[in-house]
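S.K.: Got a structure for you, questions after.
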Amino acid sequence: MKFFALFIQRPVATTLLTLAITLSGIIGFSLLPVSPLPQVDYPVIMVSASMPGADPETMASSVATPLERALGRIAGVNEMTSTSSLGSTRIILQFDLNRDINGAARDVQAALNAAQSLLPSGMPSRPTYRKMNPSDAPIMIMTLTSDTFSQGQLYDYASTKLAQKIAQTEGVSDVTVGGSSLPAVRVELNPSALFNQGVSLDAVRQAISAANVRRPQGSVDAAETHWQVQANDEIKTAEGYRPLIVHYNNGSPVRLQDVANVIDSVQDVRNAGMSAGQPAVLLVISREPGANIIATVDRIRAELPALRASIPASIQLNIAQDRSPTIRASLDEVERSLVIAVALVILVVFIFLRSGRATLIPAVAVPVSLIGTFAAMYLCGFSLNNLSLMALTIATGFVVDDAIVVLENISRHLEAGVKPKVAALRGVREVGFTVLSMSISLVAVFIPLLLMAGLPGRLFREFAVTLSVAIGISLVISLTLTPMMCAWLLRSHPKGQQQRIRGFGKVLLAIQQGYGRSLNWALSHTRWVMVVLLSTIALNVWLYISIPKTFFPEQDTGRMMGFIQADQSISFQSMQQKLKDFMQIVGADPAVDSVTGFTGGSRTNSGSMFISLKPLSERQETAQQVITRLRGKLAKEPGANLFLSSVQDIRVGGRHSNAAYQFTLLADDLAALREWEPKVRAALAKLPQLADVNSDQQDKGAEMALTYDRETMARLGIDVSEANALLNNAFGQRQISTIYQPLNQYKVVMEVAPEYTQDVSSLDKMFVINSNGQSIPLSYFAKWQPANAPLAVNHQGLSAASTISFNLPDGGSLSEATAAVERAMTELGVPSTVRGAFAGTAQVFQETLKSQLWLIMAAIATVYIVLGILYESYVHPLTILSTLPSAGVGALLALELFDAPFSLIALIGIMLLIGIVKKNAIMMVDFALDAQRNGNISAREAIFQASLLRFRPIIMTTLAALFGALPLVLSSGDGAELRQPLGITIVGGLVVSQLLTLYTTPVIYLYFDRLRNRFSKQPLMKLE
């Protein structure tokens, strides 16, 4: 009593407290970073190792396996996958979410050091690692194009100047340059000329390496002068290498230009990027964890004039993809929904109270509660994102509830003629415990969510904390500011508004009287009401089992990724043309704004495309509909497939795949895996629940298999290492020397001329010079024939692995897809030696699916415990929780009606409903218990009076929550696919629960009262 009186009697202090909350919230809002979703930092580390020219099987056995054995001993590794391809190995280590990434990095470095002695000596550099976050897509992609500069020169400008400057921008963590490689001097050997001159390829390599060295020459101290000694020991251009003497033939010098074409080119000629139909170099920019995406993009754009000024005018630097516009638009839509929700909620209050002064009270309480939440968000390290702003939108209906309950009860006393201050004190005292119970039990719903492990727990932690803080601030405001404003603003018997109140009151009174008559019938026919309640429980079970489920709503971020997979034996030149053809098809679609792509590197039969769609206001189709439309056109391209998927803000797992979802086959026997993978893939491709089924198993690449005749080699004085060196020198793009420049280092690359690398008959022209100086053709001691060879070797853990990727067809659900895959595996009869498991997002979905019911039950149990403590009763919490089945039915029916799958967003909606719908029961039960304790009346009369007395605040709070969620249901534009499931779930649950709980709660109250009387004759205990 004294607590409430303190704030009513000290309006200045109460006002200043409110202003302090508001000011801190405004400051917090200005400091909050912006992102599409809460930051989930996956502790993922990628280890890279290279050995140019080595085939995938060699990389897997000699590089990947030793590294995997060392890295697999690190504590906290959840998953280890590796891909070994031509000349490179990439190992992805995914750690437990609770693992510190910096500590994990130290352990990785220690493991790499321990494995160094087990690695081949021919590796040009030690394995490296870098930290990465697979769920964080690039925030911007830039392209460099020019009509006058070569690809290598563009790459040099990009990596030497632009990448360095962009990386220094606040918020940027990494800038990756792609689409070409650094400039290099390429020595393109002519095998015929070498044979005629009697010069081996290895002799050329040694001569070049010896001619280009960078060593200190020292200094000379004369009597008066200190002289530095500097020699011309380096050759830095192709022109300088051409006259280099590599051999003497009968006393005549053989120069490099006599046996090779020496040109200024690039390190890797099998690497190409394209943008807008012309060759391009790509700059892929990523942000730091937790950085404000919009602010970071704005800083980069502000640097554009300086970046363009740092490169020649004939080089065009353009932005090909910008992640920020859709984020801006999505957050603008959420903020608009928030403002509309506040306005609708206040309108509900005005319609019921018909008083400008009374409406002013929640009009102040709601914004203060929401604004104050921003301060707590900043202190917790949260961001402004779709989920946190959705939490505030939903909170609008919650925070006004407390104010409505207090305001409505005080207004009831004022209408009875009680003086304002007395009415305020009496009114807040009567409902103080009710408001406290409502708020605490609502926050209790989120306790299991806060303790939830894994991705869902991390993802929705901000949502739960933001909503809980808003409710907590609302509780404080409703018990301090609201009664103070009522005492000083409202008047008893406002005669000027009497008629208006009576006019609307007639409608409300008629509804209330009709409710009273129907409630009286329900209390007389309790068995029928119980049948309805039990039916809703059964209907909940059936609807939950039958409704399609997915992990997260399919987002339309305005960005798509394309992955090209061509015939495994395709040449790089043909692959470039495929990339160009696919880019033309995609770019011609009316919904597409820009297309950027690249191909090459360690996999010559694959390529990637970054696709930006036009803003939603300029296109009619969703991203998924655009993909569906393009599938038919892309299928006409022979010899290659392009798999398109919409870029999502949530991506799980570090493995690369051509589609959104993965199913991995594991086997200890590689032969068994290669036998069953095509069968499984073919079976999955026939499933209508899946689309774009493809595999990363590529074991049909064209290989020229050489067989050495070791006896002949021994007789000719040739060992295997010399023969292998010949092949590496000829076809391995071997980096044989380094050119040092002030800003960068460049390589001298040697191989045979392109006309020889593109023709397998070139093997006939290869030769080795033995110890006797004789030129021995390769064909003398080796035979070769075409064969199949893997383009990549994949491991998971230490097992051979093959990942089958798939997308969902338009309108498909992940639950139907995973169930279909499991049925197909069972029907195929796959042996136990080949194990199948979902990976990435599909794996997390299955784990989440198993825990959903437990999470809901934990939330219900937590609320029961809290209510039991508050009411000092085992029974009354059950009465209150009896409202939940009807809410569940309404939510699931609404999802079915809107053809929306049950996702994590819908699950959060169900959790919210657990907190929302019980408020009606709390208001009924509180007043019924008070009437029984103090009025000495029967349970039936008490609950009947309580239901009628609290009818107006029940309708008001329900409508407030409903109108708070309605903008989410009706939302459109960017991010609507995230907001709508939450709004649909809440609105559907509220509508059905409102219709049913007005009858089921009183009936359950009577049943439990009879049960209490049967086992205990003690009167109800008064709670002070």
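Note that Cβ sites are derived from N, Cα and C of the backbone, with glycine treated the same way.
Feature annotation from Swiss-Prot assigns transmembrane segment to 12-32, 333-353, 360-380, 387-407, 435-455, 469-489, 528-548, 853-873, 875-895, 897-917, 953-973, 984-1004.
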S.K.: Could you check if the transmembrane segment (528-548) is in contact with the transmembrane segment (897-917), meaning 3+ Cβ pairs under 8 Å among residue pairs at least 6 apart in sequence?
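M.R.: Yes, these stretches are in contact.
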S.K.: Cβ under 8 Å, sequence separation of at least 6 from the ends of the transmembrane segment (333-353): give me the contacting residues as numbers and ranges.
M.R.: 359, 362-363, 366-367, 370, 386, 389-390, 392-393, 396-397, 400, 404, 407-408, 411, 504, 508, 952, 955-956, 959-960, 963-968, 971-976, 979
S.K.: For the transmembrane segment (953-973), what are the same-chain contacts with Cβ under 8 Å, counting residues 6+ beyond its ends?
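M.R.: The answer is 329-330, 333, 336-338, 340-341, 344-345, 347-349, 352, 390, 393-398, 400-401, 404-405, 408-409, 508, 616-617, 916, 919-920, 923-924, 979-980, 982-984, 986-987, 990-991, 994, 998.
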S.K.: For the transmembrane segment (853-873), what are the same-chain contacts with Cβ under 8 Å, counting residues 6+ beyond its ends?
M.R.: 433, 436-437, 440-441, 444-449, 452, 880-881, 884, 907, 910-911, 914-915, 918, 925, 929, 1021, 1023
S.K.: In terms of Cβ proximity under 8 Å, which residues at least six beyond the ends of the transmembrane segment (360-380) contact it?
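M.R.: Those are 18, 21-22, 24-29, 31-32, 338, 342, 345-346, 349, 388, 392, 395-396, 399-400, 402-404, 407, 462, 465-466, 469-470, 473-474, 477-478, 481-482, 485-486, 489, in sequence order.
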S.K.: Between the stretches 12-32, 435-455, 469-489, 897-917, 984-1004, which one has more Cβ pairs under 8 Å with the transmembrane segment (387-407) than any other?
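M.R.: Result: 469-489.
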S.K.: Within this structure, do the transmembrane segment (435-455) and the transmembrane segment (469-489) have 3 or more Cβ pairs under 8 angstroms, counting pairs 6 or more apart in sequence?
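M.R.: Checked: the transmembrane segment (469-489) vs the transmembrane segment (435-455), in contact.
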S.K.: Can you work out which residues elsewhere in the same chain, 6+ from the ends of the transmembrane segment (12-32), have a Cβ less than 8 Å from its Cβ atoms?
M.R.: 364, 367-368, 370-379, 382-384, 473, 477, 480-481, 484
